[in-house]
Structures are given as structure tokens and as C-alpha cells.
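Working notes, beginning with the structure itself.
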Amino acid sequence: MLNGFLLILPIMCCIMTGWILKRAGVLNDEGGAQMGRVVFYVAAPCLIFRITLSLGSRDFDDVNFILVLYGGYLGMILCAWLSERFRRGDARRKAASVMMAVRSNNMFMGMPAVIMLWGESALEYYGRFMALSVAGFEIFSALSGLIVLHGGLKKDSLRRVLRSFSRNPVVLSIALGALWNVGVGLPLPRWLDLSLKILGDLGTGLALVTLGMKLKPGELRRDLLQVWPDVIVRLLVSPLILVLGFRFFPARPEMVKTCILVMAMPVAMNTFPMAEAMGMDGDYTARAVMVSTMLSVLTLPLVIRFLL
């Protein structure tokens, strides 16, 4: 337990740095939003694009991994839906709960956690995980939320999801990397590869500082009483589903560990604006993001201890 806590301590220190800088007036909300956009639109796509270039057909041959990952998505959605059956709430809140069940913070916290735990060499497996998971991650979460919200899928809602999907910079970076592999098949020029690496390396620190700026510890108790079922699904049930799945359908150990760690992260920060844009309960989603992020300091050491 102590070793797991010490491994995530650097992550928490970086997050708290963001919180302190905002409270001290060094950074403000607009600055945090701008840093977040740098991570989402520049650093993350550059990192994922370079990693996608290193992928080969062998990386997509692990059928067990894909089955467990996507079956796990369905299991997480089902657990969130079942928990909502026993709670009072309108369709907007239930839709938000179902949508956030699979939306782990795979970028702002997942990527730094992988680096802290296994070093930069583990980015190879993180990149493979992202390449295999991002499409399903976005589609499953959005469609499941819309089905609960509307009692089915409407053309306008589906069109909105596909439009958002086509503009996601991480998705586009994976698509461009795959097209380069298939259409060009040559290494990037050294100057371009180095430029992309420098930009990609910006992501870890900026992501954690940005995350820290959004925390509101004073509201933890009040928000926890409202969102605790969704926090349990996200932080504990989700990795447990994957652990059980990989026990029956073994896959490459490095990929299994990366998958479990990344999917044990709190609710992704961009779930809040996504929920609002789709007509779900944005305020409830924002509270779940904050509570799950703060409580992950207690759950992640347990997950890490299991993985080591």
C-alpha cells in the first residue's frame, strides 16, 4: 500500500502545484483552460501520432485483449445503469452516470501514471492501448448516454456524436498515423519527429497542473453524498471488471497492466463539457469529476499494489 502511494505521490504533488498556483493568484481559470487546450490539441495528438507510427499488424492480433476491453466497456455501462435503477434522478442525470462509467481520465492522469510507474519505455504500450481503445471509448460512452437520455437514438443525436468524434484531435492523430503507416510506410524526417517529441513531452506536467487548478476540496463532502455510486463504479468496479475479464481471457501482460491502470483513473475532465453539449446533467458530471479525482489518491495505490 505504501509503495503504491509513493509511486503516485509525484502525480499528486504536480496536481497540488496547480491547486496552489491558482489559489496564490499566479494562474487563473482562463490560463488553466488555455493549458488544457495545449494538452488536448497539441501535446496529446503529437504523442499519440508518434506512437501510432510504431504500431504494426501484430499489435492488433491480440483478440483476447480487444474482447476484454470492449466487453469491459459494456460491463461498466451496465453497472452504472443498474445503480441508477435504485436511485432517484431524472433522465439527464442517469444519462450522465451511464456515460461517465467508461470515461477514465486516460490522458491527464493515465499517461503520467504509466510513466511514473514503469518509465517512458511503457509509453509504447500506452500508445497501443490508446490506439485500440479511443474509438470505442468515445462511441460507447456517447451512445449509451444518449440511449438513456432519449430512450433510444435519434438521427440528430447520432449526427452530433459522429461530428464530435470526427473533430477529436486524439482520434484524428491515430487516423493520420495509421494512414502514414499504410500510405507512406517511411520513418518521419528526423527534424519532424524531434519536433513532435518535444511538443508531446509538454503534456504530462501541463495536464497535471491543469487538473489541480480545477479541484475544490472544500466541497468534497457535499458532492460525495450525491455522486458516490458513480465514483465506486469508476474507481473500483471498472478495474475489477477488467481484472476478471483478463483472468479468463489472458492477454499480453504489459498491455493488461496498462489497461487496468488507465481504466482505474477518475472520470475524465472533458466529460463535463461533453455532457452539457449533449443535454445531460453537466453540474452532476462536474461534481463526479472532482470527487473521483480527489478520492483516486486512496484507490490508485490499491490498484498499483495489485499490478506490481
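Yeah, the Cβs are placed from backbone N, Cα and C, and that goes for glycine too.
Remember, predicted model here, so these are calculated numbers, not experimental data.
Now, the feature entries from TrEMBL:
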- 6-26: transmembrane segment (TRANSMEM)
- 38-57: transmembrane segment (TRANSMEM)
- 63-83: transmembrane segment (TRANSMEM)
- 95-119: transmembrane segment (TRANSMEM)
- 125-149: transmembrane segment (TRANSMEM)
- 170-188: transmembrane segment (TRANSMEM)
- 231-249: transmembrane segment (TRANSMEM)
- 255-272: transmembrane segment (TRANSMEM)
- 284-307: transmembrane segment (TRANSMEM)
Proximity of the transmembrane segment (231-249) to the transmembrane segment (284-307), 3+ C-beta pairs under 8 angstroms: yes
Stretch-level contact, the transmembrane segment (63-83) and the transmembrane segment (255-272), CB cutoff 8 A, at least 3 pairs: yes
For the transmembrane segment (284-307): best-contacting stretch of 6-26, 38-57, 170-188, by Cβ pairs under 8 Å: 6-26
Criterion met for the transmembrane segment (38-57) and the transmembrane segment (6-26) (at least three Cβ pairs under 8 Å): no
